[in-house]
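Straight from TrEMBL, the features:
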{"type": "TRANSMEM", "residues": "B:12-31", "note": "transmembrane segment"}
{"type": "TRANSMEM", "residues": "B:37-58", "note": "transmembrane segment"}
{"type": "TRANSMEM", "residues": "B:70-92", "note": "transmembrane segment"}
{"type": "TRANSMEM", "residues": "B:98-118", "note": "transmembrane segment"}
{"type": "TRANSMEM", "residues": "B:125-148", "note": "transmembrane segment"}
{"type": "TRANSMEM", "residues": "B:175-193", "note": "transmembrane segment"}
{"type": "TRANSMEM", "residues": "B:224-243", "note": "transmembrane segment"}
{"type": "TRANSMEM", "residues": "B:263-286", "note": "transmembrane segment"}
{"type": "TRANSMEM", "residues": "B:298-320", "note": "transmembrane segment"}
{"type": "TRANSMEM", "residues": "B:340-364", "note": "transmembrane segment"}
{"type": "TRANSMEM", "residues": "B:385-405", "note": "transmembrane segment"}
Amino acid sequence: MMDIDRNAALSLRDLRKSFGPVDIIRGVNLDVIPGERHAIIGPNGAGKSTLFHLVSGQLQASSGKIALEGQDVTYMSPEQIYRRGLSRSFQITNVFPTLSVFENVRCAVQWSRGLRYAWWSLVDRRADITQAVEEVLHQVGLEDRRDVLAGLMTYAEQRALEIGVAIAGGGRVLLLDEPMAGMSRAESEHATELIRRVSCNRTLLMVEHDMSVVFSLADRISVLVYGEVIATGTPEAVRADVRVQEAYLGKDGH
Amino acid sequence: MSSPSTSSGASAYAGLWPWLLFAITLIAAPLLSGTSIPVSALSQAAIAIVFAASYNLLYGQSGLLSFGHAVFMGLGGYATVHALQAIATAQLPVPLPLVPLAGAAFGGIAGLAFGWLSSRRGGTVFAMITMGFSELVVALTSVLLGFFGGDRGRSGDRTSALPVFGIDFAGEQQVYYLIAAWTLVAVVLMYLLTRTPLGRIARALRDNPERLPFVGYDASQVRWRMFTASSIFAGLAGGLYAINYEILTPQALGIETSASVLIMVVLGGASTFAGPILGAVFFTWLRLDVAHRTEAWQLYLGILFVGTVLFAPQGLSSVVQHFRSLAQQGRLALRLPFEFARGIALALLVAGTVLAVEAGWLLSQVKEKGAVLTLFGTSTDVRTAPVWLATALLLAAGAVLWHVASRKALDSDAAASGAVKAKS
């Protein structure tokens, strides 16, 4: 087995995950180059979300290796992985519904700014924290909604907040799990721009079904079919790949 | 650059008036009460406030349902009684106002220890473990006799501590003011805790524990810290309890006391900081005044609890918030007649419920107590129809009036917003 690539932002080696007798991820090898926007596509049930759960620590791998910037994180807890610079968003909006937009982002800013579990200082008094939160709100275009409870916003706004919470901690590697799921065409164009913006100076790994988004955003694409990566390359190369056409693009009619 | 946290002038102090009101109420309560409310009841209410607010650090602020919170109040109380005894035997020069800190310290240490295990998981597992701990400590009270003193408990003498400026705290009023001062300090500290990074992340934990690791936090660590903080204040409440009653029995840390603090918080409303304070006062009133008037007070408590959970999950604080939001939207004057009608409806429902409970209660023991019910200034035989007719009438009238008033209120809102739209 090849060893992990120490120069990659994210390096997966022979990663496997099974639930009982069912193998979901069957030996994934993947290297994400620092600074690139990398998309993972594949038919339903290919294991894309499971792969994200493994990388972010929500699920534990059955075997194989995951390295984040050369550091083995395979058996770390989600918060340990997060603290090493990997943050993620969720396919189903997963924010703090009865907190305001501002507070949602602030919760995500707190740890990386060193506030941790502090009980001796008032967080409202920290102008640097407030400023950092406002910068994130500006980036995701929610500065007008800062005092609205997250659970009361429109779906598209909640998706934007989801991304805001993911980037607020300053993670260098960003995982976005179907950021466009359930969006209208106009909303998803807007969100594409948002993702382009927030992925500057970051490494982006995203799962997305919307092919126009994938081909316009991604520097490279990996195709996951039945728990294996069958092709990795530039959008053009992947589009031209015969196996990909057979397994995915052709059949699904995209 | 403007920032909301540094805005100066009146708005910076606008948040202070509830605190001023709270402080004035604490100070003025014994003066206003006269003979109808004994000072001891006020002390009891103040202790309940600290206890309930400490419980809400878990329940309302962190989303953790504990069935063993009384353990920490009880242990704090026992520790304080022991401190009083030690002060008496060794003639230690400790002023009484500092003695409740023994309770806070011991409650905190116990919380740190128990929290280590119970905080690993949230939700049902957490609730079950706290209940287990509660049973465990109750069992220990009949084993560790040296510390708990068995069924008869442990007692101490608060006057054995050092007098402060000539005040020996022998009188109930003096001890009330000591308790009230600690209550104010504790409530302010607990409020400030909710504004710290830890307090803010606890609310995030309450909202969505699964997301917490993905903003960098270990949910168990947040739970453990909040558990310990809440135990410190519960221990302080126990310390105040100890200097007030000068005796601690195992009942203080039993499951019934744990249940009562949950009821206080739910009645008052867990989602706001002030809710549990209202709930604690309300509960104390129920336990003292209503229990004095009727044997069926726990039945009333049960009805109230179920009614609150079903119809007003935010408890008493939702009433306050309802009127406040009406006032903020400038609709208070418009809505007042309907709110008044709803008030009458509520009074009818309460009267009907009281009649039903009292008549039913008496009917179940006619042999011992006779069948004549004296209520609302009239006497009737509970075995005859008029009582039950009146009950049904009151309840039906209340329900109908409530329904109609609520409907009309919504209609008037719609009409008002329609008028605004037509104008613009």
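Just so it is clear, glycine is given a Cβ too, placed from its N, Cα and C backbone atoms.
In this chain, the transmembrane segment (B:224-243) touches the transmembrane segment (B:70-92); three or more CB pairs sit within less than 8 A of each other, excluding pairs fewer than 6 residues apart. Cβ atoms under 8 Å from those of the transmembrane segment (B:175-193) belong to residues 19, 22-23, 26-27, 29-30, 39-40, 42-43, 46-47, 49-50, 53-54, 57, 96-97, 100, 158, 169, 199, 229, 233, 236-237, 240, 243-244, 273, 277 of the same chain, restricted to positions at least 6 beyond its ends. If you look at the transmembrane segment (B:224-243), the same-chain residues 6 or more away from its ends with a CB under 8 A from one of its CBs are 43, 46-48, 50-51, 53-55, 57-58, 61-62, 64, 69-70, 72-81, 84, 96, 99-108, 110-112, 114-116, 118-119, 156, 158, 169, 175, 178-179, 182-183, 186, 189-190, 193, 198, 202, 205, 252. The transmembrane segment (B:263-286) and the transmembrane segment (B:298-320) are in contact, since at least 3 Cβ pairs between them lie under 8 Å (pairs 6 or more apart in sequence).
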